[in-house]
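Heads up, the thing below is written out as C-alpha cells.
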C-alpha cells in the first residue's frame with residue numbers, strides 16, 4: 001500500500017508577481033526550491049489564504065535569493081501581488097518509507113523573509 005503525504009510546504013509566502021501572459025506555472029525562489037526539496041516542474045497545489053482559491057500548477061525556478069513567488073498563466077486570475085499563499089507538494093510513500101518520512105516546511109514572514117523551517121506541524125489544541 002502507498003499513501004499520498006505532504007512532501008514540502010512553503011507557508012504564507014507572498015505573491016510577488018502575477019503574470020497572465022506567461023506560459024503557466026509558479027516561479028519560486030531557487031533557494032526555497034532547494035531547501036524544501038520541491039523539484040522544478042513538480043506538480044504543486046497552491047492555497048490562497050486571502051481569497052480561498054485553491055489550484056494546481058507546477059513549479060519553475062526563479063532566481064536564487066529573489067524571494068519571488070510568481071503565479072503565471074491562467075492561475076494569475078487566482079492570485080494577485082501581495083496575496084499570501086501556501087504552496088504544497090505531495091508524494092506517494094510506501095509503508096516502509098512512511099516510518100521515517102518527514103515533510104520539509106518553510107515558514108515565511110512578511111516580505112518573504114524565511115522565518116524558520118520545520119519537519120512537523122504542532123498538535124492543534126482546542
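Glycine too: its Cβ is placed from the backbone N, Cα and C atoms.
The following features are taken from Swiss-Prot:
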- 25: active site, schiff-base intermediate with substrate (ACT_SITE)
- 58: active site, proton donor (ACT_SITE)
- 57, 73, 74, 75: substrate binding site (BINDING)
- 25: pyruvic acid (Ser) (MOD_RES)
Within 10 A of the CB of the residue listed as 'active site, proton donor', the number of other CB atoms across every chain shown is 15
Quick note, residue 75 (substrate binding site) and residue 58 (active site, proton donor): C-alpha atoms separated, nearest Å, by 11
The correct three-state DSSP answer for residue 25 (active site, schiff-base intermediate with substrate) is coil
Those same-chain residues, other than 57, 73, 74, 75, found with Cβ within 8 Å of the centroid of the substrate-site Cβ atoms are 24, 25, 26, 55, 71, 72, 76, 77, 78
Close in space but at least six residues away in sequence, with Cβ under 8 Å from that of residue 57 (substrate binding site), the same-chain residues are 24, 25, 26, 43, 44, 46, 71, 72, 73, 75
Within the same chain, the residues at least 6 apart in sequence whose Cβ is under 8 angstroms from that of residue 74 (substrate binding site) are 20, 24
Fewest neighbouring Cβ atoms within 10 Å among the recorded positions 25, 73, 75 goes to 73
Longest inter-residue Cα distance for the substrate binders 57, 73, 74, 75, rounded to the nearest angstrom, is 10
